[in-house]
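Features as listed in TrEMBL:
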TRANSMEM  27-45  transmembrane segment
TRANSMEM  91-109  transmembrane segment
TRANSMEM  115-133  transmembrane segment
TRANSMEM  154-174  transmembrane segment
TRANSMEM  180-196  transmembrane segment
TRANSMEM  225-242  transmembrane segment
TRANSMEM  249-268  transmembrane segment
TRANSMEM  303-321  transmembrane segment
TRANSMEM  327-346  transmembrane segment
TRANSMEM  353-371  transmembrane segment
TRANSMEM  428-449  transmembrane segment
TRANSMEM  455-479  transmembrane segment
Amino acid sequence: MSTSPARYADPHQPNPARLTATATTKLPRWGLLGLCLIYILAGLITREPWKSEDVIGYAQMWSAVNGDWRQWLTPEVAGIAVTQEGPLPTWLGALSMMLLQPLAGAIVASRIPNLIWFGITSSSLWYGAYLLARRAEAQPLALPFGGQPGARDYGRMLADASLLLLVGTLGVLWRSHETSAEPAALAFGAFAFYSLTRMLDHPRWGAVTLGIALGGAFLSRGFPALAPLVIGVLLAGWRCAALRPAVKWMALLSLPIALAISLAWWIPASELNPYWMRGWWSWNASVLGVLTGPGASAAFRNLLWFLWPTWPLVLLTIWRWRGFVGAPHIQIPLAMLIGAALMLLVTRTPLDAEFLAFVIPSAVLAALALPTLRRGLINALDWFAVMVFSFALAVIWLGWIAIMTGVPPKIARNIARQTPGYEAELSLLALAIAVVSTLAWIALVVWRLRERPTGLWRGTVLAAGGVVVNWLLLMTLWLPSINYSKSYREVSGSLAAALAEVPTNKAGAGASRPAATRGTAVRGGECVRSAGLGLPQRASFAVFDGLVFERSADCPLVLLQGNASTLWHAVGQGDYAGAQVIWEGGRASDSRRSANEREYFMLLRTAPGTGGRK
């Protein structure tokens, strides 16, 4: 770009970026792409669907595949309307299951869209950061005798650093692998950021992609995902002088495209199922509210760890580049950051989903702090990353050794209390992956010490590499115990086996046993209903064993959920007095809790003339 940096700079504030061409040494593409691929693949292949959002999202896809076209327009979980978030993740996941389930299995096939969402997120972030960093006003201070980096090299270095900081952001780690709307919302937030940067030199094309990003965000998670993006776009268009010529294209192209995408779903869904849409509007409205003092305090604490390690660098960037606040490379990500913050202030109970709007602008702004840091501080940050992640690796290995051998005894007892009944099994493949990952981390640290790389991305490589290696170890060494704690597969299988053995209570009922079956819950015999069954539990029973419960109050069999004390009281002298207990159980990992706290299930045959709670 030929724009003069002086147009956006405060003449009283010097350019804070000072570095030589050697600091922008090219990071090998194979290393960057390989790290990103390992990051997203780990945790997608062998992991069980975990409670709560993960299994609910998967169950929505499962219900769409096993239902009819109505479950595509208005998503459900085993016959229960899920009037929150949006349908787009369900569409893509269900389509992936239909195409790839024979090859990869249903669970893995449902997670293929996570690769797509992460691909959109990472590529949008990289290209957006590159377009901003190569602009004239973003360039480092020219050195008296030359030797400063070229615009392309400088832009590539900051784009690499932004992507590595995204991978190293702690709060994104689990959400990127979850079968839910959050990865899609993050992807469209990144796409909106790219669109704004693209509008600086190609306003019409950028406006088209911006409309797609806004429409996609709406279909992914409704107004909670759309609102911070709209606020950020409006702020950027108002405050960023370089974007003002493109504002008309936002009105002429972005707005109509976003509306067309949104209405293409909203109109037929409203006609098909107005009840579902009323619930969806209620959910959108319920997100908004006054952020109370305790809520703000909790959100602030959670946001600090969620955005680690980017937020300290963001604060440093805002201070160091304060004389360039009007420049696009500061103004655009800052506007999106402010949009996320304003949305947070009007969110009743901010959760991780709301924090995701901070991730992309924080990664870009954090990368812009790197050219302003002194060498001593950069080296200190490198050592901090090495120590923290090496310690975390040691803890994971020590915990696995305690699980497998019972040594050290104290750690083994603590883990056993958290996973009662768990029996460890040695997986040679998982162990081999963990060993190779640990050796790769050691090699990375040795490379940092021996080669002393000059590239400014070296610290972000250590941070991202440390996160990836620790995640790999968790998804190999600790995965069986985590699955045991967070999955309902065993209790679902036990319930399915109990239903298979229960004879019908009526002669000539037409079925050998009552059943909650895939899609119908009746096989010509007695049906099974539920009472008090939570959505994650309903989703788990459906996806693991095809158990879909009837909604009729006339079903003689009923599955109850509650704590053990409450359920036994209901059977003894409460709403279900006189009912026959056919099966009872719960997750073994909950057995450490008291009867008043432990999640419990009972399958009853209600007494003639009684139906319990409807």
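Cβ coordinates are placed from backbone N, Cα and C, and glycine is handled just like the others.
Residues of the same chain lying 6 or more positions beyond the ends of the transmembrane segment (303-321) and with a Cβ under 8 Å from any Cβ of it are 16, 165, 168-171, 327, 330, 334, 337, 352, 355, 358-359, 362-363, 365-370, 372-373, 463. Per-stretch counts of Cβ pairs under 8 Å to the transmembrane segment (180-196) identify 115-133 as the leading one among 27-45, 115-133, 249-268, 353-371, 428-449. Among the recorded stretches 154-174, 225-242, 428-449, the one sharing the largest number of Cβ pairs closer than 8 Å with the transmembrane segment (353-371) is 154-174. Within the chain carrying the transmembrane segment (154-174), a Cβ under 8 angstroms from the stretch's Cβ atoms is held by residues 23-27, 32, 35-36, 39, 121-122, 125-127, 129-134, 138-140, 186, 305-310, 313, 352, 355-356, 359-360, 362-364, 366-368, 370-371, 455-457, 460-461, 463-464, 466-468, 471, all 6 or more beyond its ends. Tertiary proximity for the transmembrane segment (115-133) is limited to same-chain residues at least six positions away from its ends with a CB under 8 Å from its CB atoms, namely 36, 40-41, 44, 92, 154-160, 162-163, 166, 176, 183-184, 186-188, 190-191, 193-194, 196-198, 200-201, 328-329, 332-333, 360, 363-364, 367-368. Beyond the ends of the transmembrane segment (249-268), by six or more residues, the same chain brings 73, 87, 195, 199, 203-204, 206-208, 210-212, 214-216, 218-219, 233, 237, 277 to within a C-beta distance below 8 angstroms of the stretch.
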